[in-house]
Amino acid sequence: MQSEAADPRIDAAAAESHEPQSPTGRQIIDFELRNSLPRVRATSPSSADPPPGPAAASLVMGTDPGSTLKIVKGEFGYVLEDVPHLTDYLSDLPTYPNPIKENPAYSVVKQFFVNQDDTVPKKVVVQKDSPRGIHFRRAGPRQRVYFESDDVNACIVTCGGLCPGLNTVIREIICGLSYMYGVDKVLGIEGGYRGFYARNTIQLTPKSVNDIHKRGGTILSTSRGGHDTLKIVDNIQDRGINQVYIIGGDGTQKGAAAIFEEIRRRRLKVAVAGIPKTIDNDIAVIDKSFGFDTAVEEAQRAINAAHVEAESVENGIGVVKLMGRYSGFIAMYATLASRDVDCCLIPESPFYLEGKGGLYEYIEKRLKENGHMVIVVAEGAGQDLIIESMKSMDHEDASGNKLLLDVGLWLSQGIKNYFTSRQKMTINLKYIDPTYMIRAIPSNASDNVYCTLLAQSAVHGAMAGYTGFTVGLVNGRQTYIPFDRVTEKRNKVVITDRMWARLLSSTNQPSFLSSKDVEEANIREEQPKQTSGEVKCMENGST
């Protein structure tokens, strides 16, 4: 059977070196690759030493204790954005053989362990002259682990809103730790982040979580806010916890990054792993977030009901509001899947109501042609149109999200007023709001499989000593991604992309966009793009 060499790690003297700060505020660690086992030496960027040879790569790390970005550069524009490892700040940690090798379940596997050099490209479609670009470390079991099974004391916490699949992830983390690594000490932190210091914990075992995947919500309960980093890390330290699994959206992952930084500052042997969660599917880098497929599938029931109601009466209009505060992925995919939707409105695509080419004119046209229509609107759409009446504009929830006015009710009332008062036209409008229904149900088969892969990848990473990372699917492969990458921006529907064009073609709706709107959308899309091999390096480690 094929196996990999022990994980090569940065020499302790180099990693812990505290040379005077260079003008760039960074330390360059040059690798000379010899049979995948690097010889490492720490140098200043101004060093007179010759640059690495053609086969060499370089790792850029901040000398500031808060800086955690690890960048490995190689030939042809190859850039690996690596994740932190416990040995980056704790030298001489002992390693142990991975118990998976003795696990009967893996006896049929040709190669037990992921190759140490395996990476996953961020961008998979390139031209023949394109540089190799940004890569992330491939997830999976390693030959050596940094925790003995009996010494592991893990905890799991869920934060933010509900999402299909939360219980599945919880279950699979516990079963993965137990069945693959023989770990029997796993705590559940109740009530989100504040549960670390304000709520009780519960002992979790494979038996106690055996059928929780059949239920919606989270058995650990959840909350927004309550992030007191010092209190959380104090509690982790007091309880002797050495693996922390944090399930939540971008705000939760930012909190996880802060927890990791404090753990790193205290030099604790604690692995912090994040599992990204949001049905809005707006987390950067990853292909999709768990629960999204289930939410889209459940949204079909509401759309179908709206269609039945609309076509059963004269001039029937069904309005369905779906989740999507800043990103319209659920509305877009539910519309494409349904084929019963005549108009989809999302936050990324501006629209207007009155005048030639406006929404009201389009509604009137479709009613005359078909006698009915269905409109799907994301909760964050049209906020600029109702900003004057939005009394809660400056109000935020505990996670810092702006409280939005109900665009579904506002739009429904506007349509009624326009056609009954101004057009003297009888309409029958039905408004359906399944907002919380689509996130409170158990995950479907597709999401259950995805949740299992995410959970097991997180367990493999923590046991292998990786920390300060989140797991996710990138181009169909499980990867370990630095926290700052998934929290630096929010994914949005690109209204100048082919997918949005497919939707417009499917619904036959107008784009409602002026040439100025298209130009501005193109500018927004181009701004985040980096030049070849360019990588943002966070000098102060802030997130």
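For all residues, glycine too, the Cβ spot is worked out from N, Cα and C.
The shown structure was predicted, so the numbers you read here are calculated from the model rather than taken from an experiment.
There are 29 other Cβ atoms within 10 Å of the Cβ belonging to D280 (active site, proton acceptor). According to TrEMBL, the active site, proton acceptor annotation covers D280.
Cβ-based neighbour count (10 Å, all protein chains) for D250 (Mg(2+) binding site) stands at 23. What TrEMBL records for D250 is Mg(2+) binding site.
Annotation comment: TrEMBL describes T278, I279, D280, M323, G324, R325, E379, Y436, M437, I438, R439 as substrate binding site. When other Cβ atoms within 10 Å of the Cβ of E379 (substrate binding site) are tallied across all protein chains shown, the result is 25.
Under the heading domain 'Phosphofructokinase', TrEMBL lists 154-460.
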Closest by Cα to D250 (Mg(2+) binding site), out of the recorded positions T278, D280, G324, E379, M437, is T278
One should report the C-alpha separation between E379 (substrate binding site) and D280 (active site, proton acceptor), rounded to whole angstrom, as 11
Given the binding-site residues T278, G324, M437, R439, the candidate whose Cβ has the fewest other Cβ atoms within 10 Å is M437
Taking every residue in the domain 'Phosphofructokinase' (154-460), the average pLDDT works out to 92
Rounded Cα distance, in Å, between D280 (active site, proton acceptor) and M437 (substrate binding site) is 14
